[in-house]
Amino acid sequence: MLSMVIQISVNSHDCTTIGTDFVTRRAAAARQSFRMSKYKVFVMRHGEGAWTKENRFCSWVDQRLSEDGVKEALACGHLLKEAGYHLDVVFTSLLSRSIHTAWLLLEAMGQEWVPVVRTWRLNERHYGALIGLNRAEMALNHGEEQVKQWRRSYDLTPPPIDESHPYFLEIYNDRRYSTCDVSKEDLPKSESLKDVLERLQPYWDGTIVPEIKQGKLVLISGHGNSCRALLKHLEGISDADIVNVTLPTGTPILIELDENFRPTKPMQLLGDQKAIQAAIRKVEDQGKVKQRA
(Lines of atoms letter the chains of each structure in order from A and count residues from 1; the text may use other names and numbers.)
(Lines give C-alpha, C1' and ligand atoms only; values in the text may rest on other atoms or scores of the structure.)
Protein backbone atom coordinates (compact mmCIF):
# COMPACT_ATOMS: atom_id res chain seq x y z
CA MET A 1 0.00 0.00 0.00
CA LEU A 2 2.97 2.32 0.39
CA SER A 3 3.23 2.40 -3.40
CA MET A 4 0.02 4.42 -3.44
CA VAL A 5 1.55 7.70 -2.33
CA ILE A 6 1.37 11.26 -3.57
CA GLN A 7 4.79 12.67 -2.81
CA ILE A 8 4.60 16.43 -2.71
CA SER A 9 7.50 17.21 -4.97
CA VAL A 10 8.32 18.88 -8.26
CA ASN A 11 7.37 15.65 -10.05
CA SER A 12 3.83 15.57 -8.66
CA HIS A 13 1.00 16.90 -10.81
CA ASP A 14 -0.52 18.20 -7.58
CA CYS A 15 2.07 20.97 -7.30
CA THR A 16 -0.34 23.84 -7.83
CA THR A 17 -2.52 22.68 -4.95
CA ILE A 18 0.34 22.65 -2.46
CA GLY A 19 2.08 25.77 -3.79
CA THR A 20 4.32 25.47 -6.83
CA ASP A 21 7.19 27.76 -5.80
CA PHE A 22 7.40 26.25 -2.35
CA VAL A 23 7.29 22.70 -3.70
CA THR A 24 10.06 23.36 -6.21
CA ARG A 25 12.35 24.82 -3.55
CA ARG A 26 11.45 22.09 -1.07
CA ALA A 27 12.14 19.24 -3.53
CA ALA A 28 15.48 20.76 -4.59
CA ALA A 29 16.54 21.16 -0.97
CA ALA A 30 15.58 17.56 -0.23
CA ARG A 31 17.75 16.30 -3.09
CA GLN A 32 20.73 18.28 -1.87
CA SER A 33 20.49 17.68 1.87
CA PHE A 34 21.12 13.90 2.18
CA ARG A 35 19.91 14.11 5.78
CA MET A 36 18.81 10.88 7.39
CA SER A 37 15.26 10.58 8.68
CA LYS A 38 15.19 10.02 12.43
CA TYR A 39 11.52 10.60 13.19
CA LYS A 40 8.19 10.03 11.49
CA VAL A 41 4.87 11.69 12.33
CA PHE A 42 1.44 11.45 10.74
CA VAL A 43 -0.78 14.51 10.36
CA MET A 44 -4.31 14.18 9.04
CA ARG A 45 -7.48 16.19 8.71
CA HIS A 46 -10.44 14.39 10.26
CA GLY A 47 -12.98 12.59 8.09
CA GLU A 48 -15.70 14.60 6.41
CA GLY A 49 -17.98 16.29 8.94
CA ALA A 50 -21.73 16.79 8.70
CA TRP A 51 -21.36 20.52 8.10
CA THR A 52 -18.51 19.99 5.64
CA LYS A 53 -21.02 18.04 3.56
CA GLU A 54 -23.46 20.97 3.91
CA ASN A 55 -20.65 23.38 2.93
CA ARG A 56 -20.95 25.49 6.09
CA PHE A 57 -18.24 27.04 8.26
CA CYS A 58 -18.19 24.57 11.16
CA SER A 59 -15.22 25.77 13.17
CA TRP A 60 -15.83 25.26 16.92
CA VAL A 61 -19.41 23.98 16.56
CA ASP A 62 -19.28 20.33 17.60
CA GLN A 63 -20.55 18.44 14.57
CA ARG A 64 -20.25 14.68 14.06
CA LEU A 65 -18.76 12.88 11.09
CA SER A 66 -20.91 12.33 8.02
CA GLU A 67 -21.41 8.78 6.71
CA ASP A 68 -18.63 9.42 4.20
CA GLY A 69 -16.44 10.75 7.02
CA VAL A 70 -16.84 7.49 8.94
CA LYS A 71 -15.82 5.56 5.83
CA GLU A 72 -12.80 7.81 5.32
CA ALA A 73 -11.57 7.29 8.89
CA LEU A 74 -11.94 3.52 8.64
CA ALA A 75 -10.21 3.47 5.24
CA CYS A 76 -7.30 5.48 6.68
CA GLY A 77 -6.91 2.94 9.47
CA HIS A 78 -6.94 0.03 7.03
CA LEU A 79 -4.34 1.82 4.89
CA LEU A 80 -1.96 2.34 7.81
CA LYS A 81 -2.48 -1.22 9.04
CA GLU A 82 -1.70 -2.70 5.63
CA ALA A 83 1.42 -0.54 5.47
CA GLY A 84 2.58 -2.06 8.77
CA TYR A 85 2.48 1.01 11.00
CA HIS A 86 2.11 0.71 14.78
CA LEU A 87 1.00 3.92 16.48
CA ASP A 88 2.10 4.81 20.01
CA VAL A 89 -0.04 7.88 20.74
CA VAL A 90 -2.71 9.89 18.94
CA PHE A 91 -3.44 13.58 19.52
CA THR A 92 -6.84 15.12 18.75
CA SER A 93 -8.71 18.35 19.31
CA LEU A 94 -11.61 18.64 21.77
CA LEU A 95 -14.11 18.40 18.89
CA SER A 96 -16.01 15.16 18.31
CA ARG A 97 -15.22 14.82 14.60
CA SER A 98 -11.49 14.81 15.37
CA ILE A 99 -11.87 12.35 18.28
CA HIS A 100 -14.26 10.07 16.38
CA THR A 101 -11.83 9.91 13.46
CA ALA A 102 -9.07 8.76 15.83
CA TRP A 103 -11.31 6.11 17.41
CA LEU A 104 -12.37 4.68 14.04
CA LEU A 105 -8.84 4.74 12.69
CA LEU A 106 -7.48 2.87 15.71
CA GLU A 107 -10.34 0.36 15.54
CA ALA A 108 -9.55 -0.37 11.89
CA MET A 109 -5.88 -0.83 12.79
CA GLY A 110 -6.72 -3.16 15.70
CA GLN A 111 -4.92 -0.73 18.01
CA GLU A 112 -7.80 0.56 20.14
CA TRP A 113 -5.59 0.51 23.26
CA VAL A 114 -3.31 3.27 21.94
CA PRO A 115 -3.64 6.43 24.12
CA VAL A 116 -5.65 9.33 22.68
CA VAL A 117 -4.75 12.77 24.05
CA ARG A 118 -7.15 15.68 23.51
CA THR A 119 -6.36 19.38 23.49
CA TRP A 120 -8.18 22.55 22.47
CA ARG A 121 -4.94 23.72 20.89
CA LEU A 122 -5.60 21.35 17.97
CA ASN A 123 -9.12 22.74 17.47
CA GLU A 124 -10.16 24.03 14.08
CA ARG A 125 -9.54 27.70 13.36
CA HIS A 126 -12.18 29.89 15.00
CA TYR A 127 -14.07 31.53 12.15
CA GLY A 128 -15.86 34.03 14.39
CA ALA A 129 -19.03 35.53 12.95
CA LEU A 130 -18.70 33.34 9.83
CA ILE A 131 -19.58 30.17 11.78
CA GLY A 132 -22.64 28.43 10.36
CA LEU A 133 -22.66 30.35 7.06
CA ASN A 134 -22.69 28.58 3.69
CA ARG A 135 -19.45 29.05 1.75
CA ALA A 136 -20.99 28.93 -1.73
CA GLU A 137 -23.66 31.49 -0.77
CA MET A 138 -20.94 33.74 0.63
CA ALA A 139 -18.98 33.40 -2.61
CA LEU A 140 -22.07 34.55 -4.48
CA ASN A 141 -22.50 37.56 -2.20
CA HIS A 142 -18.87 38.54 -1.57
CA GLY A 143 -16.92 36.96 -4.43
CA GLU A 144 -14.88 33.75 -4.58
CA GLU A 145 -11.57 35.52 -3.97
CA GLN A 146 -12.81 37.11 -0.74
CA VAL A 147 -14.06 33.74 0.53
CA LYS A 148 -10.73 32.16 -0.42
CA GLN A 149 -8.93 34.80 1.63
CA TRP A 150 -11.20 34.22 4.61
CA ARG A 151 -10.62 30.47 4.36
CA ARG A 152 -6.98 30.22 3.31
CA SER A 153 -5.00 33.41 4.04
CA TYR A 154 -2.41 33.51 6.81
CA ASP A 155 -3.10 36.70 8.74
CA LEU A 156 -6.66 37.74 7.88
CA THR A 157 -9.02 37.47 10.88
CA PRO A 158 -12.80 37.25 10.27
CA PRO A 159 -15.19 39.42 12.33
CA PRO A 160 -15.38 38.06 15.91
CA ILE A 161 -18.32 36.09 17.24
CA ASP A 162 -20.42 37.85 19.90
CA GLU A 163 -23.27 36.91 22.21
CA SER A 164 -25.87 37.66 19.54
CA HIS A 165 -24.53 34.87 17.35
CA PRO A 166 -26.81 31.77 17.30
CA TYR A 167 -23.91 29.45 18.21
CA PHE A 168 -22.18 31.61 20.81
CA LEU A 169 -23.70 29.99 23.90
CA GLU A 170 -23.45 26.50 22.43
CA ILE A 171 -19.69 26.97 22.14
CA TYR A 172 -18.81 28.94 25.25
CA ASN A 173 -21.18 27.14 27.64
CA ASP A 174 -19.75 23.77 26.62
CA ARG A 175 -18.05 22.29 29.69
CA ARG A 176 -15.25 20.73 27.61
CA TYR A 177 -13.69 24.20 27.54
CA SER A 178 -13.44 24.26 31.31
CA THR A 179 -10.64 21.69 30.86
CA CYS A 180 -8.42 24.09 28.88
CA ASP A 181 -5.13 25.55 30.08
CA VAL A 182 -6.63 29.03 29.63
CA SER A 183 -9.85 30.49 31.01
CA LYS A 184 -13.01 30.52 28.91
CA GLU A 185 -12.75 34.30 28.81
CA ASP A 186 -9.35 34.01 27.12
CA LEU A 187 -10.46 31.55 24.46
CA PRO A 188 -10.51 33.05 20.95
CA LYS A 189 -13.58 34.70 19.45
CA SER A 190 -12.05 34.70 15.96
CA GLU A 191 -8.71 33.59 14.51
CA SER A 192 -6.43 33.91 11.53
CA LEU A 193 -4.23 30.97 10.55
CA LYS A 194 -1.38 32.88 12.19
CA ASP A 195 -3.34 32.85 15.46
CA VAL A 196 -3.90 29.09 15.13
CA LEU A 197 -0.17 28.50 14.77
CA GLU A 198 0.59 30.74 17.74
CA ARG A 199 -1.70 28.72 20.05
CA LEU A 200 -0.64 25.37 18.54
CA GLN A 201 3.15 25.69 18.38
CA PRO A 202 3.75 25.75 22.17
CA TYR A 203 1.80 22.49 22.47
CA TRP A 204 3.75 20.97 19.59
CA ASP A 205 7.07 21.99 21.13
CA GLY A 206 6.20 21.21 24.74
CA THR A 207 4.03 18.09 24.50
CA ILE A 208 4.10 16.38 21.10
CA VAL A 209 7.80 16.77 20.27
CA PRO A 210 8.95 15.12 23.55
CA GLU A 211 6.80 12.08 22.68
CA ILE A 212 8.38 11.86 19.23
CA LYS A 213 11.88 12.22 20.70
CA GLN A 214 11.18 9.14 22.82
CA GLY A 215 10.88 7.18 19.59
CA LYS A 216 7.07 7.06 19.59
CA LEU A 217 5.11 7.07 16.36
CA VAL A 218 2.60 9.91 16.69
CA LEU A 219 -0.53 10.58 14.65
CA ILE A 220 -2.31 13.94 14.88
CA SER A 221 -6.01 13.84 14.01
CA GLY A 222 -6.66 17.52 13.53
CA HIS A 223 -8.64 19.88 11.35
CA GLY A 224 -8.03 21.57 8.03
CA ASN A 225 -6.47 24.68 9.54
CA SER A 226 -4.72 23.21 12.59
CA CYS A 227 -3.04 20.78 10.18
CA ARG A 228 -2.21 23.56 7.70
CA ALA A 229 -0.70 25.63 10.51
CA LEU A 230 1.48 22.74 11.67
CA LEU A 231 2.59 21.92 8.12
CA LYS A 232 3.47 25.58 7.58
CA HIS A 233 5.70 25.43 10.65
CA LEU A 234 7.36 22.09 9.83
CA GLU A 235 7.74 22.57 6.08
CA GLY A 236 8.67 26.26 6.12
CA ILE A 237 5.77 27.22 3.85
CA SER A 238 5.67 30.96 3.18
CA ASP A 239 2.77 33.22 4.15
CA ALA A 240 1.93 33.59 0.45
CA ASP A 241 2.16 29.89 -0.45
CA ILE A 242 0.01 28.69 2.43
CA VAL A 243 -3.03 30.22 0.68
CA ASN A 244 -2.76 27.46 -1.94
CA VAL A 245 -2.37 24.55 0.48
CA THR A 246 -5.56 22.48 0.51
CA LEU A 247 -5.87 19.31 2.56
CA PRO A 248 -8.40 16.58 1.79
CA THR A 249 -10.39 14.98 4.60
CA GLY A 250 -9.40 11.57 5.98
CA THR A 251 -6.00 11.40 4.26
CA PRO A 252 -2.86 10.66 6.31
CA ILE A 253 0.20 12.80 5.58
CA LEU A 254 3.56 11.25 6.42
CA ILE A 255 6.30 13.66 7.47
CA GLU A 256 9.87 12.48 8.01
CA LEU A 257 12.17 14.62 10.16
CA ASP A 258 15.86 14.72 11.07
CA GLU A 259 17.22 15.04 14.60
CA ASN A 260 16.60 18.82 14.49
CA PHE A 261 12.98 18.30 13.35
CA ARG A 262 13.65 19.54 9.85
CA PRO A 263 11.96 17.64 6.98
CA THR A 264 14.28 15.22 5.18
CA LYS A 265 12.00 14.72 2.18
CA PRO A 266 8.76 16.12 0.76
CA MET A 267 5.67 15.27 2.77
CA GLN A 268 3.63 12.37 1.42
CA LEU A 269 -0.15 12.05 1.13
CA LEU A 270 -0.82 8.32 1.48
CA GLY A 271 -3.61 6.66 -0.48
CA ASP A 272 -5.02 6.35 -3.96
CA GLN A 273 -3.74 9.29 -6.00
CA LYS A 274 -6.85 9.83 -8.11
CA ALA A 275 -9.08 9.72 -5.05
CA ILE A 276 -6.87 12.23 -3.23
CA GLN A 277 -6.90 14.61 -6.20
CA ALA A 278 -10.69 14.38 -6.36
CA ALA A 279 -10.95 15.03 -2.60
CA ILE A 280 -8.72 18.11 -2.89
CA ARG A 281 -10.83 19.50 -5.73
CA LYS A 282 -13.95 18.87 -3.65
CA VAL A 283 -12.55 20.96 -0.79
CA GLU A 284 -11.44 23.75 -3.15
CA ASP A 285 -14.89 23.89 -4.76
CA GLN A 286 -16.55 24.57 -1.41
CA GLY A 287 -15.65 28.26 -1.67
CA LYS A 288 -16.95 28.68 -5.22
CA VAL A 289 -20.33 29.87 -6.49
CA LYS A 290 -22.56 26.87 -7.06
CA GLN A 291 -23.36 26.53 -10.76
CA ARG A 292 -27.00 26.21 -11.73
CA ALA A 293 -27.94 22.91 -13.36
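Glycine is treated like the rest: Cβ placed from N, Cα and C.
Residues near His46 (active site, tele-phosphohistidine intermediate) in space but far in sequence (CB under 8 A, at least 6 apart, same chain), listed by position: Leu65, Gly69, Ala73, Arg97, Ser98, His100, Thr101, Ser221, Gly222, His223, Thr249, Gly250. Here TrEMBL flags His46 as active site, tele-phosphohistidine intermediate.
When other Cβ atoms within 10 Å of the Cβ of Arg97 (substrate binding site) are tallied across all protein chains shown, the result is 28. The substrate binding site feature in TrEMBL is assigned to Arg97, Glu124, Arg125, His126, Tyr127, Arg151, Arg152, Gly224, Asn225.
Look at TrEMBL and you will find Glu124 tagged as active site, proton donor/acceptor. Around Glu124 (active site, proton donor/acceptor), the same-chain residues at least 6 positions away in sequence with a Cβ under 8 Å from its Cβ are Cys58, Ser59, Trp60, Ser93, Leu95, His223, Gly224, Asn225, Ser226.
The feature site 'Transition state stabilizer' is assigned by TrEMBL to His223. A sphere of 10 angstroms centred on the C-beta of His223 (site 'Transition state stabilizer') encloses 26 other C-beta atoms.
For Tyr127 (substrate binding site), the same-chain residues that are 6 or more apart in sequence and have a Cβ closer than 8 Å to its Cβ are Phe57, Ser59, Trp150, Pro158, Ser190, Glu191.
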